[in-house]
Ligand SMILES: Nc1ncnc2c1ncn2[C@@H]1O[C@H](COP(=O)(O)OP(=O)(O)OP(=O)(O)O)[C@@H](O)[C@H]1O
């Protein structure tokens, strides 16, 4: 690491909270020369966030440290020689899991990795871009890039997929690498069994001898004191000897009740990344990719229909695709829009019912702590106007209602007002991180 950048980070460490520092600034690689300091971000999203939130402060600190003005340049890429002439980092070699490695592990060691979950089969969108980049970095540099890497977010959004993809890539790069994937329940089960058979030493050896330990859904540890105690020691042992730890959780671990504070604090030592629900385009792309992998012929129109109507999570989307494929196969029919509507009528109706305009209005009012009647009123004060615009935009995004219908539901407003709200919110979400977080959080609440 550039010495100048290291000193800058040390200075910023005192000013920023640990999570922001680890999420946005630690992943940057740096190179400095007489022309200035060049920072390389792992992906465009990190780059934009750094530019928006931290660049001005970095420039100030750098000029304080050097005693003169120095240009700080930001770009996507890497400071290592792998960078191409254009400055863009060369993409990692395509992830092809060698079947012999994954399908026939050494008889003494079972990695439990699913060979189908790779980075190649993972569709990237804004909602998971950072998680994917982090999981990839960890696979390229286990034990050193981010340790632990914690992926958190709602159910069925791809956390397990990314975790396996990272493990598979580690094994692809080094077939001798011992990666152990377990669901939390399996960890608990192994521990109970070890206690029962008085073989705790063997249990400890098993978990501490791996190069990378991947544990899924650690919220399951909540309230299980002995498990947490044992996991805590395993964590420390692995961490100290720079063995990689990857964990997933269904929410930000600090919000998990009955998880020991010392464990929560350790989970924050590395990088925690939220995996958000995918947007419409990503949902459609995932569906087409899954259909392609399964050899099911699905048109873009059908993919768009499902992506529009099923917003809860990718697992539900995949379930719908499997149902369609099975029925189409059974009846020997192609999957047309009519066939999809007919076959999935009940499922689509359930998803449609889940989000209604009155429900959106109530949730948004609660979220911004304004009264529902004020949200629907004609008052134009800013504290009401923005939540109202968000509620209108969410109604357009999450329901099938037309612009005039939505306008009507918001105190008889014109459809152009609704259209304006949708455009304004979309624009703000692109540039304003806070607004995008609110938007994603509201979608999460509304779609469960
Ligand atoms: N971006 C994506 N690209 C391709 N497939 C995806 C993507 N996101 C999710 N999936 C698929 O959705 C399904 C559910 O994903 P996964 O099991 O990883 O979810 P999860 O976040 O771990 O959920 P849970 O917390 O319930 O275990 C998997 O089949 C996975 O391959």
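Note that Cβ sites are derived from N, Cα and C of the backbone, with glycine treated the same way.
Note: TrEMBL annotation is automatic and uncurated.
Taking the Cβ of residue 159 (ATP binding site) as reference, residues of its chain lying under 8 Å away and at least six apart in sequence are, in sequence order, 131, 151, 152, 153, 216, 248, 275. The ATP binding site annotation in TrEMBL covers 156, 158, 159, 160.
Residues or ranges marked as domain 'AAA+ ATPase' by TrEMBL: 145-276.
The feature domain 'Chromosomal replication initiator DnaA C-terminal' is assigned by TrEMBL to 356-425.
For 1-104, the entry in TrEMBL reads region 'Domain I, interacts with DnaA modulators'.
Looking just at the region 'Domain III, AAA+ region' (112-328), the mean pLDDT is 93. Under the heading region 'Domain III, AAA+ region', TrEMBL lists 112-328.
Annotation source TrEMBL lists region 'Domain IV, binds dsDNA' at 329-448.
Helix, strand and coil content of the region 'Domain IV, binds dsDNA' (329-448), in residues and according to DSSP, is 92 helix, 0 strand, 28 coil.
Cβ packing within 10 Å was compared across the binding-site residues 156, 158, and the lowest neighbour count falls to 156. Long-range Cβ proximity for residue 160 (ATP binding site), meaning a same-chain Cβ under 8 A and a gap of 6 or more residues, is found for 117, 216, 248. Helix first, then strand, then coil: DSSP counts for the domain 'AAA+ ATPase' (145-276) stand at 67 helix, 24 strand, 41 coil. Apart from 156, 158, 159, 160, the ATP site neighbourhood in this chain, defined by C-beta within 8 angstroms of the site C-beta centre, holds 153, 155, 157, 161, 162, 248, 275, 314, 315.
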